[in-house]
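> After the structure tokens below, expect a handful of questions from me.
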Amino acid sequence: MAKLFEAADANILMTELRRSFDAGVTRGYEWRVSQLKKLLVICDNHETEIVSALHDDLGKPELESSVYEVALLRNSIKLALKQLKNWMAPDKAKTSLTTFPASAEIVSEPLGVVLVISAWNYPFLLSIDPVIGAISAGNAVVLKPSELAPASSSLLAKLLEQYLDPSAVRVVEGAVTETTLLLEQKWDKIFYTGSSKIGRIIMMAAAKHLTPVVLELGGKSPVVIDSDTNLKITAKRIISGKWGCNNGQACISPDYILTTKEYAPKVIDAMKQELEAFYGKNPMESKDMSRIVNSNHFDRLSKILEEKDVSDKIVYGGQKNRDNLKISPTILLDVPLDSLIMSEEIFGPLLPILTLNNLEECFDVIRSRPKPLAAYLFTQNQKLKERFAMTISAGGIVVNDIAVHLSLPTLPFGGVGESGMGSYHGKFSFDAFSHKKAVLYKGFIGDAAIRYPPYSRGKLRLLKALVNSNLVEVFKVLLGLS
């Protein structure tokens, strides 16, 4: 039986990691590279075990596990290894007349000891990707995987303990009790992925110690479909981004569709046709779709689906099997705006379509709700694309596809407003776990008497000209012309 994690264990853990960080264990380039290379070995040598754990926890198809978790992690690690020297190098900063002669730079320094609390829906990607950033930036790190994906949590603990430096990288398994004990410690940053409800708890705990946080949350990500689109490809991409990404259990999953009353029947027909092509006439038997994570989430989704004035809005799907934790891809039309399905993030295989008199109304609908983690638009209209990108506030915008921005390390991934704060991926991960320290170097040559008392009107005029970088005025003062 595993030893219980208690308050004393949390204190010891923090003391040991703080000691390692203060001793400089994690700061060097060599240490960071060695740990990143070991993470790469985990991806290369243990992919079969990872795929198996994900199947045990979520029934994930091998393709989803290998591509959307392991391959994306491999890319993140390789990018960090390739770019780390550049990321670590100080950035030169301009100086001014006020500080002349001087040089200045911005130094990226590690924050210290950080906590990563990850989610169950992509338990490897969302655990290790932030850890890549924390290690790259030179921090000691504790990972708390989600207890709702127990096989993945256990494997993560085993592999990270086996490969990584235990003096600076630890995994703590457990549930609410263990997380609460960890949150009582004073961290230098907390990185949390999950629901906004728990995000608020994380932020309250962090506020006690003035600990900065990155909150990767979610929200109701809309999909706007214009009639000027390639409908067949649109339907395929929506299905792939909804049911092909963990069966809708993804933070950037499409949560509802907005289109016109006139165009909605065509959208529904296209979706039905492509869903059948993807998953067959009986999608409940398809091996290419994940199951619902557990019975609690199954019951939550069932409650949403069975709500009054919602269940009769189903136009496709709606089949359920609690024993197998399966719900078929389900499309609903014009559900009430105050229903549960439109009030909370769905996080499952249900997709409502809301119809509009004209597409112009989509802007007001989206803006009337909390800012989503992602917003999607399908159109060939260039002006509509530009307006959508410029006026819709969301963590990320994708035009004519779903969720693919997640795979691009040159783009920051994160939310805004209630969908989260802070961002990561690529260098943004490094920056998320770094402090940008301002450093200015001066010598003793060129010491100006004008900065010291006793003050005079002439000193005042000259200093104002220098602070404003007004060379003409500087010369006027020096020549007695001002």
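Don't overthink the numbers, they just go from 1 along the chain as shown.
In case you wondered, yes, glycine gets a Cβ from its N, Cα and C as well.
What TrEMBL records for E216, C251 is active site. According to TrEMBL, the feature domain 'Aldehyde dehydrogenase' maps to 20-439.
Can you tell me where each of these features sits in this structure?
For C251 (active site), the Cβ neighbour count at a 10 Å cut-off comes to 29, with all displayed protein chains included.
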> Write down the Cα-Cα distance for C251 (active site) and E216 (active site), rounded and given in Å.
9
> Once the chains shown are all counted, how many other Cβ atoms turn up within 10 Å of the Cβ of E216 (active site)?
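For E216 (active site), the 10 Å Cβ neighbour count is 26.
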